[in-house]
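Chemist: Take a look at this one; I'll ask things after.
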Amino acid sequence: MGESERSEAFGIPRDSPLSSGDAAELEQLRREAAVLREQLENAVGSHAPTRSARDIHQLEARIDSLAARNSKLMETLKEARQQLLALREEVDRLGQPPSGYGVLLATHDDDTVDVFTSGRKMRLTCSPNIDAASLKKGQTVRLNEALTVVEAGTFEAVGEISTLREILADGHRALVVGHADEERVVWLADPLIAEDLPDGLPEALNDDTRPRKLRPGDSLLVDTKAGYAFERIPKAEVEDLVLEEVPDVSYADIGGLSRQIEQIRDAVELPFLHKELYREYSLRPPKGVLLYGPPGCGKTLIAKAVANSLAKKMAEVRGDDAHEAKSYFLNIKGPELLNKFVGETERHIRLIFQRAREKASEGTPVIVFFDEMDSIFRTRGTGVSSDVETTVVPQLLSEIDGVEGLENVIVIGASNREDMIDPAILRPGRLDVKIKIERPDAEAAQDIYSKYLTEFLPVHADDLAEFDGDRSACIKAMIEKVVDRMYAEIDDNRFLEVTYANGDKEVMYFKDFNSGAMIQNVVDRAKKNAIKSVLETGQPGLRIQHLLDSIVDEFAENEDLPNTTNPDDWARISGKKGERIVYIRTLVTGKSSSASRAIDTESNLGQYL
């Protein structure tokens, strides 16, 4: 057996590295083992020397121990080598020069790119690992010490906010207005170009999934040094106040206000639909309409119906499809327009009218509707805790009849305290037309009930049987009975006894405080009672008794409404004008068993918050 074979027989790897001391000792052991093996081979019979066999086992054990030590040493050396490599990589990384960043301006066919970096426009090469064709304009790129593009980043997410004035003809540039009304032309980054390409350009034809187009007045994130706009920033404070839509409300949905509807159609629709006739007669269309009257009588509903009707009529004049009629109804939530910071309310008003002019420039009618107009345009000088109206009112006046003017824009205001609105707003030439939306009388109430009680409603079999199954006659009788009950001057319908400043007294009935909203509430309450009746008895259908019970419940709930510190203010809000009221006594005798209550007011109370 050779030396290498004997080494492998003892479990020592042929190529295992050993220290000098271990190698010498191992070589001595090998020689001793060779001598002992020769002695064993020369021995004859069964009396082989046991000492030699024992020595061999000891030598083998020692060889195994040395092999284990050698294996452990190899693992230690391997770990040390890996740590050295990691440290070398860290040293190399820390020793690298800093990288720069820039904004990509353009790409070229020879794999070079134009980059704006460190205030300079430079043409640079791309690393072989970068596909220059995949880079997008306006994208952030990383540069090494040799000014080579080595990595593509995202689009810039911080910068200045500028307002879009207009998109230039090529669709890739825009005119924006920055701080201090400074105008500049900037490039549009690729995400904005996808939104904003004009429909006539070839790049826009196949883009069916692009977001909505940019429009003048949008806020853009701009890098003024690189000359790029990256993103459209929503204007939350204005978007929350402005609702752009064509309301799905028509004049047919409004009951009991035919005279007022005719007035507002004459004021709004005629100037838009017959501009030539107005020019021929040198007649100036009204700039605004004021709808005033008690709460719940349909002021907001009429304003929505005006926008809907005007859009359809304009579509007919242009020969467009009525289903694709387009108009804009900017619904301004009056109290939310107020802002505690100086100048913010005025700025919001400017933005609203700027948006209206932008829409109207397309030739589309725009209605700016101010609900609760008295809350933001109070008479100047009447403020107690603030004087915001001294600047807000002039801002509205300048927008209505300023130098720029309003073309295709009409302002509609709604209020139940028209006496609190500044007189300068109500003068002719501003809100020219003033339409009072009165409380419904018995005839108007029948019209309103007919909008809610239709022949499609399920009617109880017993009520139908009284009219030989004629559903139309049954519904008509229901409406007549419920209107008679609501407008009857009986003791159960007495509501208030008011005392005027001159000592006169007057008994007022619930019919004096009816409104379209109350009628809708009565019908809804009756329908709910009909549903409960189905669940309890299993007999479906609406009954006249459900409506009569609902009237009693509705009147009883209104018992606490006049409980106010100042009866005269409450009466004005409710639509009661004339002599000042100093004393109110409730006369409700419905389901409530409590005694009637009186509300008095003292004179010279002064102003209160």
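Each Cβ is built from the backbone N, Cα and C atoms, and glycine gets one as well.
As annotated by Swiss-Prot, ATP binding site applies to Gly296, Cys297, Gly298, Lys299, Thr300, Leu301, with the evidence given as sequence analysis. Residues annotated as coiled coil in Swiss-Prot, with sequence analysis given as evidence: 20-96. Per Swiss-Prot, region 'Disordered' is recorded for 1-24.
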Chemist: Using the structure shown, find which entry in Cys297, Leu301 (the binding-site residues) has the sparsest Cβ neighbourhood within 10 Å.
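Modeler: Output over binding-site residues Cys297, Leu301: least Cβ neighbours within 10 Å is Leu301.
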Chemist: Beyond the listed site residues Gly296, Cys297, Gly298, Lys299, Thr300, Leu301, identify every same-chain residue whose Cβ lies within 8 Å of the center of their Cβ atoms for the ATP site.
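Modeler: So the additional residues around the site are Leu291, Gly293, Pro295, Ile302, Ala414, Ile437, Ser515, Gly516, Ala517.
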Chemist: Around Gly296 (ATP binding site), how many other C-beta atoms are within 10 angstroms of its C-beta?
Modeler: 19
Chemist: Please list residues from the chain of Gly298 (ATP binding site) whose Cβ is under 8 angstroms from its Cβ, counting only those at least six apart in sequence.
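Modeler: Residues satisfying the criterion: Ile254, Gly256, Leu257, Ile437, Gly516.
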Chemist: State the three-class DSSP label for Leu301 (ATP binding site), counting H, G and I as helix, E and B as strand, and everything else as coil.
Modeler: helix
Chemist: Enumerate same-chain residues with a sequence separation of six or more from Lys299 (ATP binding site) and a Cβ-Cβ distance below 8 A; give 'none' if the list is empty.
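Modeler: Set apart from Lys299 (ATP binding site) by at least 6 residues yet with Cβ under 8 Å, we have Leu291, Tyr292, Gly293, Asp371, Ala414, Ile437.
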Chemist: What residues, ordered by sequence, lie under 8 A Cβ-to-Cβ from Thr300 (ATP binding site) and sit at least six positions away in the same chain?
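Modeler: Looking at Cβ-Cβ distances below 8 Å from Thr300 (ATP binding site), excluding near sequence neighbours, one finds Phe369, Asp371, Ala414.
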